[in-house]
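Just below is one structure, and these are the notes that go with it.
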Amino acid sequence: MAEAAERTRAVRGRSRPPGGSRTSNTAPRPFGALAWALPPIALLALFFLYPLALVVQQSFRPDSGGTSLRPYADVLASGAFRHALWTTVWLALASTAGCLLLGFLLALVIAFVPFPGAKGVARFIDVYLSFPSFLITLALLFLYGSTGIVGSFQFLTTPWGVLLAEVTYFTPFVMRPLLAAFSQLDTAQLEAACSLGARAPRIVRQVILPEALPALAAGGSLVLVLCLNEFGIVLFTGAKGVTTLPMLVYGKAILESDYPGACVVAVVNVLISVGLYALYRVVSRRAGA
Amino acid sequence: MLVHSRGARWAVWTVFAVLFLPLFALPLLVILGASLATHWSGVLPSGATVAHYRAATRGEALQALTTSLLTALGASLLALTVGTWAALAAAGLRKRYRSIMDALFVLPVAVPSVVVGLSVLVAFSQPPLLLNGTRWIVILAHTVLVTAFAHQSVSAAITRLDPAYEQAAASLGARPAHVLWRVRLPLLLPSLTAAAGLCFALSMGELSATMMLYPPDWTPLPVLVYAATDRGALFTGSAVAVVLMAATLLVLFAVSRVRTRASYR
């Protein structure tokens, strides 16, 4: 049935006089193309940009009424906010550094000292990326929590527990672009360096590392943004001492019903993350070129 | 390649195993082990039981599983449609407009999901569109969050597409809609299914925006895992988490089957 329909359409297509008046559809038609782009942009504007604009608007509207900078003054002056900002930034920076170091080492072994099953490990990493982040904290609760296997010391309720969970969860995000970059590296370079007498550390430093820099930069800045925005890992530790900006947004909005305050924190968080993400796009585009 | 002596190679592999296994394999094994146990005070879990799974596959948990599956299905289908449309439309634009559109559509990746949740909550708790307290607000937030990923992977595939096929079809007199339906979309099918799998997995595990929005009668699985953990029922929580992982993997596996069949075409 479908085949028959296809055939009639093909026949009709052929019966059309050659060199007809129809213009090629692949030629640029700026106005038609712009019209086609409008529906998805309208949807994005309605369901993403307009809500974000409302958040910004609400951040200037204190509960007492009117439009003022009061919410900003209140939030920026509070110790809880400054503490959360500092915790978020140093946790994200430290996690990113940890992920870069660990990811580089592990990807190096998978790519250049391959063992039987290295392909399986690379596939496992792909699967790992599709699991939610809070599973790692859930597992750490068994290992280090109050009824823990390793010990009942309060490791998880400190920022170090969050740091361990973030490094564990986000390292694969660094390893994937690295493995892709390593697979494109010409192994003849390594052989040449080796035959000229360079030892492994020197080959890594002078041949592999320069090739890996774009992938490291791209993966690192993505992980930095994701760490700044991470919520599930911190929520699951149940730690009162570790408050990051996303946790503060959640706490203010849902637990305290202080919407103007939550919106102020959200605006600050968005500014930091979007600024960093713009940097990531520039870096990764340069890496791709 | 890099390390030639046998001893050194084994040393490198040992370091790899010492780093890799505790960090990446152990967490998943711990959750799997805990979901089958009643106590865990020694090195190994004790008191083998499947009671947690019996609890995790009926009643509240079963309802949460259907909720998660429906939310993920709805969100990924919507995101795939909008993301693909946007990517196809952007490909026809001039370079300057195209980069503006790309930047607009990746923005949700950079905005924290908690803030996406907050903004959707603020915007749709008031007229004209009152969605707060319904299931649609959860599906909407998930769609916003995953559309960026769908758009990114489809537009990457479009730039790799060989224009010769559509040019040949157009030169034989095919209308634009026909070229899109019979040439471009079939060629894009592998990346479309990959994007669908990605969106589905992300939506299944989404917790941050969901925590801000979920109504009591639409509780996805991650929220249930958190609720169980929060009241101290760690073992039940891990059984629910295993169900969540298994459901995600099953769907990903099914989607990858579609992809391999499409790539043989």
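Cβ from N, Cα, C; glycine included.
Taken from TrEMBL, the feature domain 'ABC transmembrane type-1' applies to B:65-255.
Long-range contacts of the transmembrane segment (B:12-37) within the same chain, counting only residues at least 6 positions beyond its ends with a Cβ under 8 Å from a Cβ of the stretch, are 3, 44-50, 52-53, 56, 234-235, 238-239, 241-242, 245. Look at TrEMBL and you will find B:12-37 (among others) tagged as transmembrane segment.
Within the chain carrying the transmembrane segment (B:69-91), a Cβ under 8 angstroms from the stretch's Cβ atoms is held by residues 97-98, 101-102, 105, 135, 138-139, 142-143, 145-152, 154-155, 158-159, 180, 184, 188, 192, 195-196, 199-200, 203-204, 218, 220, 247, 251, all 6 or more beyond its ends. Summarising the annotation, TrEMBL assigns transmembrane segment to B:69-91 (among others).
The list of residues near the transmembrane segment (B:103-124) in space but at least 6 beyond its ends in sequence, with Cβ under 8 angstroms from a Cβ of it, reads 83, 86, 90, 130-132, 137, 140-141, 144-145, 147-149, 151-152, 206, 208-213. Annotation source TrEMBL lists transmembrane segment at B:103-124 (among others).
Annotation source TrEMBL lists transmembrane segment at B:136-158 (among others).
As annotated by TrEMBL, transmembrane segment applies to B:187-214 (among others). When Cβ-Cβ distances below 8 Å are used as the criterion, the transmembrane segment (B:187-214) is approached by residues 68-69, 71-73, 75-77, 79-80, 83-84, 112-114, 116-118, 120-121, 132, 137-138, 141-142, 145-146, 149-150, 153-154, 156-158, 161, 165, 220-223, 226, 244, 247-248, 251-252, 255-256, 258-259, 262-263, 265 of the same chain, each at least six residues removed from its ends.
According to TrEMBL, the feature transmembrane segment maps to B:234-255 (among others).
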